[in-house]
Amino acid sequence: MSTGQGQASSSSDHGSEAYESSHSHVPEDWYETLRNDEDDDDDNDADYVEEDEFMDVESGDVELEFVLEAEVAHGGANPGDDGEGAAMDDAEHGGTGTNGPNFLTHRQLLALLRGHDLGQVIFDDNEFIGWSSRRRRNPADPNRFPKVPSDEGRKLMESGVFGAFDPREPDRKRLARRILDRELGLGDVAKRRTNKQLMAQDMIPITRPEMIIHYDDPVCCGQFSDDGNFFYAAVKDFKVRMYDTSRPYNWKHYKTVNYPFGQWTITDASVSPDNKWLAYTSLQSNVCLAPTDPNDTGDPYTLDLGDMGIQYNTYRGAFPIFSIRFSGDGRNLVAGTGTSSIVVYDIERRQTLHHVPGHQDDVNAVCFADKLSPHILYSGSDDCTLKVWDTRSLGDGREAGAFVGHIEGLTYIDSKGDGRYILSNGKDQSMKLWDLRMAMSTARFEELDPMRAIRGHNYEYRWEDYDNNQWFRHPNDNSLVTFRGHKVQRTLIRCHFSPPGSTNSRYVYSGSYDGHVYVWNLDATLAAKINVKAVTENVRLGASRPPRRRYRTLVRDVGWHPNAPLLVASAWNGPDLNAGTATLHSFNENEIDEAEPEMGISVNEKLIETRSSGCYLVQGKGGNGEWVGVGRS
């Protein structure tokens with residue numbers, strides 16, 4: 001996926017060589033240099049060399065950086081500055097913008113040191129690697145970030161739409177008192193109902209896991225079915241594991257289905273409204289449809305969304321699918337594609353109903369507004385917009401409305417399921433809450449041209465840290481609440497509304513590149529932070545010694561059980577993020593748990609306990625007072 005409006009695609013989700021070669025303007029040498037530098041950044045690495053130590057040119061990797069500095073004003077400090085000057089500057093210099101320097105290749109460096117002409121070294125064969133133009137910026141306005149707590153979010157909390165509201169500060173003993181009130185039957189019917197809702201809202205899962213499921217490959221996504229009876233984990237090895245979770249604390253693996261001839265990874269999966277079918281996709285136009293019934297052991301069905309028929313002949317052929325969703329009635333599938341389009345597919349007729357080129361860049365996420373209606377759907381794109389569509393009028397190819405506010409591409413969107421509220425995650429390190437009633441009309445969208453404000457922004461989220469000095473509030477932002485604190489890097493990290501059954505829809509939450517699960521109240525204050533990295537580090541199966549390089553964890557998706565106070569974090573693990581875990585976290589008031597099975601059990605993908613790894617779990621206190629430790633025997 002591309003890093004901004006109108007820029008070429010670039011994402012670890014687009015990992016095929018063919019796709020990368022046609023969608024990236026970044027020199028391969030520079031990318032490998034950065035990756036190697038990132039992988040070896042641990043000071044404890046035996047190969048680590050201090051910057052001020054001498055290193056011979058011929059014996060190691062040496063990087064020369066050429067920087068042109070200019071005094072310019074900060075484009076984001078003033079909402080009226082649309083950044084076009086920066087865009088023209090980047091286009092003129094052919095560089096990567098302001099986020100990082102360019103590097104000479106090994107061949108160019110040796111030629112330079114041997115006295116060859118610098119211009120010929122860099123620009124031979126019409127290749128222009130670009131000069132970094134690192135700008136000295138005026139100090140950014142410290143008040144440009146959204147106010148926390150959010151006034152609009154506070155109003156939503158008090159409205160009752162997102163659960164019951166208790167204005168008092170949290171109290172550790174309050175849950176016990178509410179349980180006592182329930183047992184004694186205190187209060188009238190309304191008060192007892194509110195008390196029950198508040199009890200559910202207080203039960204947020206903690207860091208210490210009930211169970212850690214280990215996979216040999218990264219886990220791309222994992223969610224519970226709507227009834228909570230099964231959980232699926234889609235893994236990069238083109239397999240989807242299904243688990244019986246009808247007993248939330250006693251899982252059973254019952255089925256594994258494949259994606260035949262997949263490309264790079266599984267990109268998304270979706271369960272049908274009746275929980276009988278699972279649709280899952282890869283970087284191809286085929287959608288696999290597998291039954292969730294444990295007794296049905298047949299191969300999955302294949303639906304070709306690239307077969308458009310005669311009327312869509314211009315779009316015939318393969319294209320990558322990044323997002324897939326069932327409609328509310330289960331009859332249709334909607335897909336977001338790498339051709340900047342949205343596809344609506346009729347499952348029964350096996351026919352494409354609509355193929356709409358509705359965005360200017362990859363469509364990374366799609367979803368329906370209401371589970372009871374198949375008509376209103378949303379799409380989020382790398383062009384930084386979230387659009388509203390009515391399937392009854394898709395023929396004219398015009399959106400019904402649009403949301404503007406992200407200044408980098410969107411990675412995921414989720415609907416509350418009430419036809420009104422939408423949540424989105426963005427590469428600008430922000431998550432936003434939207435109200436359908438505040439959507440910008442098509443005419444207004446065309447009149448304002450809100451894309452002007454973000455032209456020239458080209459953050460490469462696959463390997464760059466985000467520079468918060470680049471962040472600014474979009475002048476046409478029509479979101480309700482903005483949530484910040486997490487990291488959206490490397491891949492399409494997902495966000496969700498908490499379920500109405502187990503949490504009364506009280507929270508919003510997201511995975512993060514830093515290995516945490518972030519849970520927010522609606523007023524943008526942090527309700528909980530679950531440290532997945534801490535509980536998976538050094539508990540990898542078969543690990544005989546600590547890793548030589550820095551251990552990393554990236555939480556890509558989080559599934560919250562619809563009826564029980566537990567969630568599952570689907571993560572990438574290891575120095576190269578090439579392994580995966582699914583950690584089960586539940587609510588527990590006490591760090592010491594005497595129940596069976598004991599907390600922290602490590603199992604393989606089929607839930608077989610493996611204590612032979614020599615790892616055991618211990619208790620300790622982190623900076624936030626939570627359990628974080630592991631030990632080794």
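Heads up, the Cβ atoms here are built off N, Cα and C, so glycines get one too.
The compositional bias 'Polar residues' annotation in TrEMBL covers 1-13.
If you look up TrEMBL, you'll see 37-49 marked as compositional bias 'Acidic residues'.
Residues annotated as region 'Disordered' in TrEMBL: 1-49 (among others).
Annotated region 'Disordered' per TrEMBL: 74-99 (among others), in sequence order.
The feature region 'Disordered' is assigned by TrEMBL to 133-152 (among others).
Under the heading repeat 'WD', TrEMBL lists 356-393 (among others). Non-local neighbours of the repeat 'WD' (356-393) in the same chain are 1-7, 9, 273, 322-329, 331-332, 334-344, 399-404, 406-415, 417-420, 422, 424, 426, 434, 436, 439, 450-451, 454, 492; each lies 6+ residues outside the stretch with a CB under 8 Å from one of its CB atoms.
Here TrEMBL flags 403-444 (among others) as repeat 'WD'. Remote same-chain residues near the repeat 'WD' (403-444) are listed as 1-5, 76, 153, 161, 361-362, 364-371, 373, 376, 378-388, 450, 453-454, 457, 459, 461, 466, 468, 471-472, 474, 476-484, 486-489, 491-497, 505, 508, 510, 520, 522 (criterion: CB distance under 8 Å, separation of at least six residues from the stretch ends).
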Predicted model, mean pLDDT over the repeat 'WD' (356-393): 94
In DSSP terms, the repeat 'WD' (356-393) comprises 3 helix, 20 strand, 15 coil
